[in-house]
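Accompanying notes for the structure given below.
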Amino acid sequence: ACLGQWDSCDPKASKCCPNYACEWKYPWCRYKLF
């Protein structure tokens, strides 16, 4: 399963869902607006 909005993640090994990205500032996945 992939990680969705606000799910905690590791920037070095992001497991976020498609169209989501692991933030560096805060260790969670956020929707990419681009």
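Even glycines carry a Cβ here, placed using N, Cα and C.
The feature disulfide bond is assigned by Swiss-Prot to CYS2-CYS17, CYS9-CYS22, CYS16-CYS29, with similarity to another entry given as support. Annotation source Swiss-Prot lists phenylalanine amide at PHE34, citing a curator's inference.
On its own chain, CYS16 (disulfide bond) has CYS2, LEU3, GLY4, ASP7, CYS9, CYS22, CYS29 as residues at least 6 apart in sequence with a Cβ closer than 8 Å to its own Cβ. CYS9 (disulfide bond) is surrounded by 21 other CB atoms, counting those within 10 A of its CB over all protein chains shown. Of all the disulfide-bonded residues given, namely CYS2, CYS17, CYS22, CYS29, the one with the smallest number of surrounding CB atoms inside 10 A is CYS2.
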